[in-house]
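> Here it is, the structure in full.
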Amino acid sequence: MKAIKNIAVLTSGGDAPGMNAGIRAVVRTGIYNDLNVFGIRRGYDGLVKGEIVPMDAKSVANIIQRGGTMLKTARSEEFKTYEGRKQAYENIQKLGIDALIVIGGDGTFTGASKFIEEFDIPIIGMPGTIDNDLAGTDFTIGYDTAINTVVDAVDKIRDTAESHDRVFVIEVMGRDSGLIALRSGISTGAEAVLIPELNVDYDAIMKRLDKSRKNKSSRIIIVAEGDKEGGEVVADKIKENFPHYDVRLSILGHIQRGGRPSCMDRVLASRLGVASVEGLLQGRRGEMAGLICGQVQFTPFNKAIKHIDKINENLTRIVEILSL
Ligand code: ATP
């Protein structure tokens with residue numbers, strides 16, 4: 001096996017708070033191990049276009065507390081083609097880069113798997129996505145910050161809902177995963193949570209709204225964006241069933257991606273960044289570093305990208321029990 005001397009790191013897919021902490025950890029662990037470290041700008045797009053810059057300890061100073069990603073991120077159609085990946089390989093060969101660390105979600109790891117298969121380049125992945133929709137880690141980098149942002153926003157909406165006796169339908173992020181909706185729903189005392197993993201039983205929800213305390217002054221329904229109906233339809237259905245309710249829709253949108261990463265995301269990204277570089281040096285490749293029950297573990301990309309249904313039905317039961 002060829003000794004690794006030069007590594008490069010990139011962030012890909014949607015940005016997630018904590019990616020900067022991950023980049024910092026990779027760069028500094030690389031330097032600590034006498035490696036040369038490069039940063040690839042704008043994900044696979046920058047890899048294909050050769051936007052690769054040397055990094056030093058100073059270049060990642062003062063970023064651990066910042067949201068977004070200092071390397072920027074992008075989606076790349078070119079990297080999905082063999083020609084694009086060949087160009088990417090030529091770019092890293094020119095600089096003598098022996099191995100990569102990619103921070104992203106399932107698409108990022110799918111692309112990395114192809115790159116390894118075709119060009120035999122060692123790659124380790126770090127789970128960077130607010131959706132927490134990867135197997136092989138209890139939490140992805142960015143998820144904790146995102147749910148705390150949602151909780152903060154819903155608490156604020158609750159104040160106005162309470163003051164005006166309103167029903168608020170709040171749409172949160174999660175195209176394929178209802179984890180942001182479910183956790184934030186429990187922690188904001190939502191009356192109901194609608195997620196893509198479970199079929200909506202509208203009758204049950206309407207009955208629950210009907211049966212709930214008549215003197216409730218506010219009601220919050222959280223809907224994941226990937227839910228079959230989406231927030232707008234849910235709000236319309238509630239209006240139809242309860243014409244006397246003052247129903248409002250709020251789509252939280254991109255505020256959920258930004259902001260200072262939480263302590264948990266910074267520590268998670270730091271641990272996984274260190275583990276990724278050490279894993280590469282131990283000969284690992286084609287795996288994602290994750291944290292399972294507090295321990296770092298490596299999971300092959302093809303298993304990590306399987307969208308395991310992490311929905312714990314006990315959590316949906318809790319929403320129902322506590323919404324009396
Ligand atoms: P998020 O969960 O935030 O969406 P992601 O990593 O899943 O993150 P994608 O946009 O799906 O985000 O993937 C990131 C990039 O990975 C794509 O822009 C593309 O360049 C590459 N990629 C995705 N799927 C493939 C594929 N099948 N083959 C090659 N490359 C791919």
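In case you wondered, yes, glycine gets a Cβ from its N, Cα and C as well.
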> Arg24, Ala25, Val26, Val27, Arg28, Gly189, Ala190, Glu191, Lys216, Ser217, Ser218 show up in TrEMBL as binding ADP; which entry in Arg66, Arg158, Arg257 does that record put in the same site?
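It is Arg158, as the record lists it for that site.
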> Pick the one from Gly14, Gly174, Gly178, Gly185 that TrEMBL also lists for the ATP site with Arg75, Ser76, Gly105, Asp106, Gly107, Thr108.
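ATP site check in TrEMBL: besides Arg75, Ser76, Gly105, Asp106, Gly107, Thr108, the record includes Gly14 out of Gly14, Gly174, Gly178, Gly185.
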> Going by the substrate site in TrEMBL, where Thr129, Ile130, Asp131, Met173, Gly174, Arg175, Glu225, Arg248, His254, Ile255, Gln256, Arg257 are listed, which of the candidates Arg166, Arg183 is also part of it?
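TrEMBL lists Thr129, Ile130, Asp131, Met173, Gly174, Arg175, Glu225, Arg248, His254, Ile255, Gln256, Arg257 binding substrate, and from Arg166, Arg183 it also lists Arg166.
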> Out of these binding-site residues, Arg28, Arg75, Arg257, which one has the fewest other C-beta atoms within 10 Å of its own C-beta?
Arg75
> Here are the binding-site residues: Ser76, Thr108, Thr129, Ser217. Which has the lowest count of other Cβ atoms within 10 Å?
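It is Ser217 that, of the binding-site residues Ser76, Thr108, Thr129, Ser217, has the fewest other Cβ atoms within 10 Å.
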> As a check: which entries in Arg28, Thr108, Met173, Gly189, Ile255, Arg257, the binding-site residues, place their Cβ less than 6 Å from an atom of ligand 1?
Thr108
> From the Cα of Ser76 (ATP binding site) across to the Cα of Ile255 (substrate binding site), what is the distance in angstrom?
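If we compare the Cα positions of Ile255 (substrate binding site) and Ser76 (ATP binding site), the gap is 24 Å.
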> Check the domain 'Phosphofructokinase' (6-279) for me and report the mean pLDDT.
94
> Using a 10 Å cut-off on Cβ-Cβ distances across all protein chains shown, tell me which of the recorded positions (Asp106, Asp131, Glu191) has the largest neighbour count.
Asp131
> Using C-alpha atoms only, work out the spacing between Gly189 (ADP binding site) and Thr129 (substrate binding site) and round it to an integer in Å.
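A Cα-Cα distance of 25 Å.
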